[in-house]
Amino acid sequence: MMESGAPICNICGEQVGLSAKGEVFVACHECTYPICQHCLDHEIKEGRRNACMRCGTPYTDDDTEVAEVQAEASGDQAPAASHVNTAKDSGIHARNVSSVSTVDSEYINDSGNPIWKHRVESWKEKKTKKKRAATKEKKEAEIPPEQQMEEKPESGEAAQPLSRVIPLPKSQLAPYRTVIIMRLIILALFFQYRVTHPVDSAFGLWLTSVICEIWFAFSWVLDQFPKWSPINRETYIDRLSARYEREGEPSELAAVDFFVSTVDPLKEPPLITANTVLSILAVDYPVDKVSCYVSDDGAAMLTFESLAETADFARKWVPFCKKFSIEPRAPEFYFSQKFDYLKDKVQPSFVKERRAMKRDYEEYKVRVNALVAKAQKTPDEGWIMADGTPWPGNNTRDHPGMIQVFLGNTGAHDIEGNELPRLVYVSREKRPGYQHHKKAGAENALVRVSAVLTNAPFILNLDCDHYVNNSKAIREAMCFLMDPQVGRDVCYVQFPQRFDGIDKSDRYANRNTVFFDVNMKGLDGIQGPVYVGTGCVFNRQALYGYGPSSLPSLLPKTSSSCSWCCCCGKKPTKEKDLSEVYRDAKREDLNAAIFNLREIDNYDEHERSLLISQMSFEKTFGLSSVFIESTLMENGGLPDSANPSTLIKEAIHVISCGYEEKTAWGKEIGWIYGSVTEDILTGFKMHCRGWRSIYCMPLRPAFKGSAPINLSDRLHQVLRWALGSVEIFLSRHCPLWYGFGGGRLKWLQRLAYINTIVYPFTSLPLVAYCILPAICLLTGKFIIPTLSNLASVLFLGLFLSIILTSVLELRWSGVSIEALWRNEQFWVIGGVSAHLFAVFQGFLKMLAGLDTNFTVTAKAADDTEFGELYILKWTTVLIPPTTILIVNLVGVVAGFSDALNSGYESWGPLFGKVFFAFWVILHLYPFLKGLMGRQNRTPTIVVLWSVLLASVFSLVWVKIDPFVSTNDASTVAQSCIAIDC
């Protein structure tokens, strides 16, 4: 901020300085707009400007001379200070607040015209300095390393890269790729045989099976080839500290804004959210660089009060964690660990302080639980705050925006007198008739609030149930984002998701190990992993729609009046050559960045004034001058014109319900709307703009969360993900046709995104394929003709290539065989249930506007470890896989009965059909256990159905065929029971 007697030049950012008479230099007497003598001479010499950029008064020699002699005290005033009172009159929660900006007088002159030129020139000056620095670095790079060491001595550790890529050894990668190619060739030969050898006696079954197999092969290609170049990465946190945390100097690490989102505290326990917040406040990072924003989208006073209790407990917990290097720094999970907590602890006071801290935490839990118990029943008059005023969020669908700063600049310190990170409670405004866009809208509100209050260059978002398990996780991400060579075009660093509280067998593949340890590593070798919704550190500029600085400029310098740009919307009237048409196609394409921070220097004066105009920025970012100015600051931080006394009011303004109307929020910038899986869309847009992402897998998991443990909850989670993919498939952002014009999305990356949106449609052929074995057993027909020697070789080769691909993936990824098998099982379970419903629900929602909900009914659980695992919540999603199981069990029994009646010659064809049926039953076995069984026990339904069906068919055989004895029937029944068990 400006100091009295030392105004800041609005072009170079330095102090204006004194004139020859020893007084403050003033360039213009009309408005006393602060510009230093050097910048004024430079502007006049370059012929850019001969008049004041604020009031338009021409500069003259006389004016300059008089300015050097006379300096008025009014020139010391800050631009935004004179309009604080105007902001007070505008009203914080007014419905029309989006049309009034809290601080905007410095951008509008007396005639009402926008004044942004000083911003443009200031920006250009900064760009010029950066270009000079870049040129200098380039020249230094051309100098031999020995000479550089002599000219610029620097510690060897600080000069080394902060991370490195570890490609797979050729001994692992070469065989893996070879097997993939061989499998592709075998598939082609297999389909050539299948298509040219139809089964005339079962043509319908044969045709259905071939169509299903072709789709499975297509799905395999989409899934397999993005894993063509898997890589590992290694970070060097010690080098990061050596470079940016020199002893005796302030830390130069970049600031980080943490986002935690919650909605309903009765479904998302406040204690879980509080542990996430406490783990953030205690991270191993400079406290002045950490700000935690908690979004309460349900406007619940329970969340507000529990956060107040959490802020109070943090004063004890944070210094305890940092003093004894506690891991993890979420107290609930630290105290519940079953390990030797004295290991590596040498301070004599540790045991005593740990015991006292555990007692303090238990007292804190009691207070929070008391708040939860109190909140179970809402009073008729609504909630009342401690000061006796009604809680503003009593009506969760109609309430004003609320912001409360608990820690940080409020002067709160921990019990040892040290500063604490900032903790901010945010509840955006909700009004009837407005679209709020659920989690994506809440995240965008946090982006704007944080930009106004702290404006850290990087953002980390976490779900309320994902705590920081590794206190150095932020430093791991900074090894990529703050590396000058790596971080220039990185939009985000994604960490894998790890979970607590999952049963040892992980029967429903809750850990998603194959996806996080195989698929994501493969994507990291292309253009980067997809964004998975949590545990991700964003570059704020990427969220704003800017393109990476490493991209070449799309628009060359020109003297024409205005070429087409994405902001001004004007098109040139003159004819364009081929290069201009190609350039405009890139700019027209929806994947092009809203702005490229490097391209502004390549526009002429008129183009630049159109691009950086108040109108174009407000159409993109909304009506907030403070927020708009913050978007231009690549390295974060608050702008000089920001007035601390009005920041909270401006923050309230940017979370108003009408702020995003007629802007690019949710369309081109921020979290993208249009799907319940906004994470996929958001990352996809960034990759289309030319950004790349990084996958970071530290040895100690960075974050841990909770996962749905019972079958019904797990299937509904998968249903939601699949529904989001179907919504993207039916939207304009579908990877099949979106983002081709810019050519910035690599084709293997596009294949990966196509796979993320078409996989739910695999449910249709999968259901048909799982019913085929039963139909074959019941009808006596089969989908494959009598095998020749060539066909046997093809089937054997295909089978071996599938096994080899899996084995080699296990070899380079480190995934266990059990995890791979669980993933394969749940692929079938989810495919024939949740994915199937998602396809129909998605089409009903997108095409007919109907939103279908599925009723979930909970049953009692056993009061044992993983008791929730045995909860049965009956829902319609369970019907298809249950039907498939019953049909295949019936088919097996019918097949054996037919074989017994037909003689020994029928047992050969029966083998293939029964094998096919048992392939389906084995894949659905975890579903069977979740439906009726218990851990490590054979599901009762298997025995019951086998005995019942065997008994029924025994009676039928006795009645139909008198030559079949009762002993034969009972023998078959016993055989069926043995096979099923």
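Backbone N, Cα and C atoms are what each Cβ position is placed from, and that goes for glycine too.
TrEMBL: automatically predicted annotations, no manual curation.
Copied over from TrEMBL:
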type     : residues                               : note
ACT_SITE : ASP297                                 : active site
ACT_SITE : ASP679                                 : active site
BINDING  : SER261, LYS267, GLU268, ASP297, LYS438 : UDP-alpha-D-glucose binding site
BINDING  : LYS439, ASP463                         : Mn(2+) binding site
DOMAIN   : 6-72                                   : domain 'Cellulose synthase RING-type zinc finger'
REGION   : 126-161                                : region 'Disordered'
TRANSMEM : 757-778                                : transmembrane segment
TRANSMEM : 790-808                                : transmembrane segment
TRANSMEM : 828-848                                : transmembrane segment
TRANSMEM : 869-890                                : transmembrane segment
TRANSMEM : 910-928                                : transmembrane segment
TRANSMEM : 940-960                                : transmembrane segment
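Known features from TrEMBL, placed on the structure.
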residue	record	contacts (Cβ under 8 Å, 6+ apart)
SER261	UDP-alpha-D-glucose binding site	VAL294, SER295, ASP297, LYS439, ALA442, GLU443, LEU446, ASN461, ASP463, CYS464
LYS267	UDP-alpha-D-glucose binding site	none
GLU268	UDP-alpha-D-glucose binding site	THR262, CYS464, ASP465
LYS438	UDP-alpha-D-glucose binding site	ASP297, VAL676
ASP679	active site	VAL530, TYR531, VAL532, GLY533, TRP671
Which of 757-778, 790-808, 869-890, 910-928 has the most Cβ pairs closer than 8 Å to the transmembrane segment (828-848)?
757-778
I'm checking region-level scores; what's the whole-number mean pLDDT for the domain 'Cellulose synthase RING-type zinc finger' (6-72)?
64
An 8 Å radius from the center of the SER261, LYS267, GLU268, ASP297, LYS438 Cβ atoms defines the neighbourhood of the UDP-alpha-D-glucose site; name the other residues of that chain inside it, in order.
THR262, VAL263, ASP264, GLY298, LYS439, ALA442, CYS464
